[in-house]
Amino acid sequence: MGYLHDAFSLKGKTALVTGPGTGIGQGIAKALAGAGADIIGTSHTSSLSETQQLVEQEGRIFTSFTLDMSKPEAIKDSAAELFENRQIDILVNNAGIIHREKAEDFPEENWQHVLNVNLNSLFILTQLAGRHMLKRGHGKIINIASLLSFQGGILVPAYTASKHAVAGLTKSFANEWAASGIQVNAIAPGYISTANTKPIRDDEKRNEDILKRIPAGRWGQADDIGGTAVFLASRASDYVNGHILAVDGGWLSR
């Protein structure tokens, strides 16, 4: 079928994508399905029916699975059973939340909520996936980091802390597992038009300032992340380990 098909095809693979109901997660699920992967999508509150339809339009199988990422200890048993019963070749740790508040007023419960979803549950799922991938000698793990894995941000101390930690964990897992055939990498999306970023886009002055700094001159779309995910999930990235790949329209280069 040629180099492109051989290097990027995900035919016969199964990907677990957390939080694929909308936005970046949905774009990734659709792209992976388009490359040939079946998708297991996890959610606790969001409907996955639209994502299921998009995956099935690509001729792939979509399975939904309930996980409450805000309760890391509670997901251990159900997630462990999932990894035991299904061969998951690709894990995409996409689920994430953000709370905005001045640092001096940031509620402790919001701090813990963000860390549980964005970091603690990610660690548990990665550890569980890694155990099975180590036995098979291959696997792909893709974490969703952020520009705030590199920068400090404004009004988002918990989110920034969690995304810095995700970048560090990505490198740490990669250092231990790369020699066993498991690639652990992260995508750091720039300013992507999703529900999470709506408050920023609604702020006319801040939106204008952001657009001025992005060399591409526009906000990214969820589909802009999909191709990167296919690359990191495929054989084409077999020698890429512990990398935080910014997909940001050039933001970090300016």
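Just so you know, glycine gets a Cβ as well, placed from its N, Cα and C.
Since we're looking at a predicted model, the values are computed, not measured.
Features as listed in Swiss-Prot:
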| type | residues | note |
| --- | --- | --- |
| BINDING | 16-40 | NAD(+) binding site |
| BINDING | Ser146 | substrate binding site |
| ACT_SITE | Tyr159 | active site, proton acceptor |
Problem - Rounded inter-Cα distance in Å - the residue listed as 'active site, proton acceptor', Ser146 (substrate binding site) - result: 9
Fill in the blank from the handout: For Leu32 (NAD(+) binding site), the same-chain residues 6+ apart in sequence with C-beta under 8 angstroms from its C-beta are Leu10, Ala15, Val17, Ile39, Ile90, Val92, Gly226, Ala229, Val230, Ala233
Practice task
Around the Cβ of Leu16 (NAD(+) binding site), how many other Cβ atoms lie within 10 Å? Please give the count over every shown protein chain.
Solution key: 26
Exercise for the section: Whole-number Å only: compute the distance from the Cα of Leu16 (NAD(+) binding site) to the Cα of Ser146 (substrate binding site). Expected result: 20
Exercise for the section: Measure the Cβ-based neighbour count of Gly36 (NAD(+) binding site), defined as the other Cβ atoms within 10 Å of its Cβ. Expected result: 18
Problem - Distant-in-sequence Cβ neighbours of Pro20 (NAD(+) binding site), under 8 Å, six or more positions away - result: Gln26, Ile28, Ala29, Ile39, Gly41, Thr42, Ser43, Leu48, Thr51, Asn94
Problem - Collapsed DSSP category at Leu16 (NAD(+) binding site) - result: strand
Practice task
Using DSSP reduced to three states, classify Leu32 (NAD(+) binding site) as helix, strand or coil.
Solution key: helix
Exercise for the section: Specify the count of other C-beta atoms within 10 Å of the C-beta of the residue listed as 'substrate binding site'. Expected result: 28
Fill in the blank from the handout: Of the binding-site residues listed (Ile28, Ile40), the greatest number of other CB atoms within 10 A surrounds the CB of Ile28
